[in-house]
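These come from TrEMBL:
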type     : residues : note
DOMAIN   : 4-74     : domain 'Cytochrome b5 heme-binding'
TRANSMEM : 110-131  : transmembrane segment
TRANSMEM : 137-155  : transmembrane segment
TRANSMEM : 242-260  : transmembrane segment
TRANSMEM : 280-303  : transmembrane segment
Amino acid sequence: WGIEVQKHTKSGDQWIVVERKVYNVSQWVKRHPGGLRIIGHYAGEDATDAFNAFHPNLQLVRKYMKPLLIGELEASEPSQDRQKNGALVEDFRALRERLEAEGCFKTQPLFFILHLGHILLLEAIALMMVWYFGTGWINTAIVAVILATSQAGWLQHDFGHLSVFKNSRWDHLLHKFVIGYLKGASACWWNHRHFQHHAKPNILKKDPDVNLLNAFVVGKVQPVEYGIKKIKNLPYNHQHKYFFFIGPPLLIPVYFQFQIFHNMIAHGLWVDLVWCISYYVRYFLCYTQFYGVLWAVLLFNIVRFMESHWFVWVTQMSHIPMDIDYEKHQDWLSMQLVATCNIEQSYFNDWFSGHLNFQIEHHLFPMMPRHNYWRAAPRVRALCDKYGVKYQEKSLHFFIMDGCTLFHFFWTDALLHCH
């Protein structure tokens with residue numbers, strides 16, 4: 001079936017296959033709630049597992065897809081394209097069904113209520129400390145740590161993945177509240193960017209998280225490509241040094257900050273903009289009365305600086321040390337496992353990473369509530385062992401050190417290939 005379907009991959013002419021049905025999504029991509037790029041990334045191939053991973057109400061989505069249906073695969077045609085392992089694909093889908101039957105996709109409401117409550121409590125404690133103890137250096141440092149460790153970023157991630165409520169409308173509403181009012185960012189910007197990352201992790205030109213704006217070269221393919229073409233926008237042979245100056249420190253305070261506001265204005269995301277502005281109004285009303293405008297801005301950036309480091313080490317070091325390459329059209333399980341690794345479980349690691357130490361399980365089942373990842377992990381590992389798919393789990397120390405050294409090795413590898 002691949003010959004015909006694979007012809008339709010260009011913008012304006014895109015077909016996908018879901019559950020053996022062929023859909024022409026050429027025009028629908030413009031109205032797709034998840035953005036046009038994520039569908040475009042699957043044009044010309046089977047998108048069944050991605051479809052199941054991102055849609056909580058499959059019956060409703062199938063109803064909207066009916067007008068797009070143009071045919072079905074012949075009974076003699078395999079369900080998998082491009083020589084994917086059919087047995088592995090079917091076993092993975094069976095595993096998903098078993099986990100659903102066992103309640104691994106059911107939420108414990110108290111978990112998320114307590115998490116939201118502790119964020120609001122920490123916000124209140126930070127403000128009360130300034131009011132009661134003043135604006136001295138020591139107290140301000142403690143306040144900055146409290147604000148940076150409130151973990152609203154992990155909670156917005158839960159709502160953004162629609163993993164909390166049965167009715168996804170509530171997830172969308174709370175997502176806008178947490179990411180907008182509590183963090184000063186855009187839900188639509190986050191969805192558009194993050195879902196692409198989940199759909200095609202570590203795939204060059206498809207995953208925005210490995211689009212590093214020519215500031216760094218990553219993986220084994222890109223450094224060699226840059227070396228052969230003699231592309232040297234920056235001294236990449238020293239990227240392991242300047243990474244610590246322009247990577248973690250500036251990602252959230254500068255790059256994301258600019259991208260968020262540019263995206264909201266350019267795409268007319270006025271609802272998100274209102275939520276975002278409400279954060280800044282709240283923050284400056286609360287803190288300028290104690291610090292004045294200049295020092296309140298400084299406190300804001302110190303908090304963002306700490307959050308940025310935390311975010312990079314937790315999220316990017318689960319992926320950057322893994323395989324980064326162009327599209328290989330792998331099955332869902334294999335694609336996620338070559339691009340993702342776990343950090344060993346402990347109470348601290350669970351807290352520090354917002355349960356994203358189970359990054360593998362999160363990527364395979366993005367709508368699974370994070371408090372259930374540990375239940376899925378042994379099953380996933382067993383399935384990987386059965387088919388020889390490497391399941392990587394590292395200690396937190398090795399995980400951080402691995403990320404620190406890789407940027408040097410990437411460029412060294414490129415130099416060796418060039419010579």
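Note that Cβ sites are derived from N, Cα and C of the backbone, with glycine treated the same way.
Note that TrEMBL annotation is computational and uncurated.
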Residue distribution over DSSP helix, strand and coil in the domain 'Cytochrome b5 heme-binding' (4-74): 28 helix, 17 strand, 26 coil
Distal contacts, the transmembrane segment (110-131) - CB-CB under 8 A, six or more residues away: 139-140, 142-143, 146-147, 149-152, 155, 158, 164, 178, 182, 286-287, 290-291, 369, 371
Integer average pLDDT (0 to 100) for the domain 'Cytochrome b5 heme-binding' (4-74): 92
Residue numbers, six or more beyond the limits of the transmembrane segment (137-155), whose CB comes under 8 Å of its CB atoms: 112, 115-116, 118-119, 122-123, 125-126, 129-130, 178-179, 182-183, 299, 302-303, 306-307, 310-311, 353-356
